[in-house]
Amino acid sequence: MAKSLNILIAALSLIAFSPFCLCSKAYGSGGYLFPQFYDQSCPKAQEIVQSIVAKAFEHDPRMPASLLRLHFHDCFVKGCDASILLDSSGTIISEKRSNPNRNSARGFELIEEIKHALEQECPETVSCADILALAARDSTVITGGPSWEVPLGRRDARGASLSGSNNDIPAPNNTFQTILTKFKRQGLDLVDLVSLSGSHTIGNSRCTSFRQRLYNQSGNGKPDMTLSQYYATLLRQRCPRSGGDQTLFFLDFATPFKFDNHYFKNLIMYKGLLSSDEILFTKNKQSKELVELYAENQEAFFEQFAKSMVKMGNISPLTGAKGEIRRICRRVNHAY
């Protein structure tokens, strides 16, 4: 743990020189977020998050990808407001029950562990939404990716949207245009789409998310012709026509636990796992050029990924007197 924590702290110490963000206007909101939000009210907040994320990574190498995914799935539904963390209650239908999250979203217990530690340090101060944003950044750094200053000051939602989670989060079998449209609805563009998809350099996906590529991509009983035949043969060994739905596969088979640009190199070799990955290289000229750039130039990918993460983290946050600071992330304050 000590080694991982030292790497994380060393990388984060460089953000004082980062050009990515000093103060960010939140998309869809009248409020501002800024990295120094907790400097006076909870000065150890970021240190606490970093430490717990580092400890979790030592015990579970999959956790960083899970935390990145939580932040993404949170921001794409009603904005970055920690609505994804809420359990179902009398008035709330949890987003955890949606198709994109059911049986796949994870890391909730770790977020609660971080929240508990922060409540001990500075009660009712640091929002669950900000914890998600910080944990996503720290997860990127600890696996070898870029760092950035995280704008802070989000507050937590008092409700959730199951329909929003089902409809607004891009799906593995969506067309390129559908995915781009979902990004544009959030104030993001094609560059953000390609760079943020690069988070698939770590993490896993289930057989059920890409099976159609192996056996019946276009409804004609034939596999996806943009998938390497050799790679498809390997995948079929563990992802049959039926059964094994929950079997996990690396999104980046080359360096599955390292945040790097091998994801884009895989796409050029037609070895993207998901259809939503490979179409970045096969369905749009501009996105193909970006894939080629990032495959060749990891620094360019890292720089844009950091910028796009800040941009995504600014989607419609609750600020000022809106929302609340939950004491427990899985339920609203009036529930106990």
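Each residue, glycine too, has its Cβ placed from N, Cα and C.
Record source Swiss-Prot places CYS329 in a disulfide bond whose other cysteine, from CYS128, CYS207, CYS239, is CYS128. Between CYS42 and the candidates CYS80, CYS122, CYS207, Swiss-Prot records the disulphide bond with CYS122. The record from Swiss-Prot ties ASP252, THR255, ASP260 to Ca(2+) 2, and of the options THR181, THR201, THR319 it ties THR201 to that site too.
Of the chain residues outside the Ca(2+) 1 site list ASP74, VAL77, GLY79, ASP81, SER83, CYS75, PHE76, LYS78, CYS80, ALA82, ILE84, ALA129, ALA157, ALA160, SER161, SER316 have their Cβ within 8 Å of the site's Cβ mean position. Taking only the Cα positions, the spacing between CYS122 (disulfide bond) and HIS73 (active site, proton acceptor) is 27 angstrom. Closest in space to ASP74 (Ca(2+) 1 binding site), of the recorded positions given as HIS200, CYS207, CYS239, CYS329, is CYS329, taking the CA atom of each residue.
CYS329 (disulfide bond) has its Cα within 10 Å of the Cα of none of the recorded positions HIS73, VAL77, HIS200. Take the recorded positions CYS42, CYS75, VAL77, CYS122: by the count of other Cβ atoms within 10 Å of each Cβ, the lowest one is CYS122. For HIS200 (heme b binding site), the same-chain residues lying six or more positions away in sequence with a CB closer than 8 A to its CB are LEU251, ASP252, TYR263, LEU273, LEU274, ASP277.
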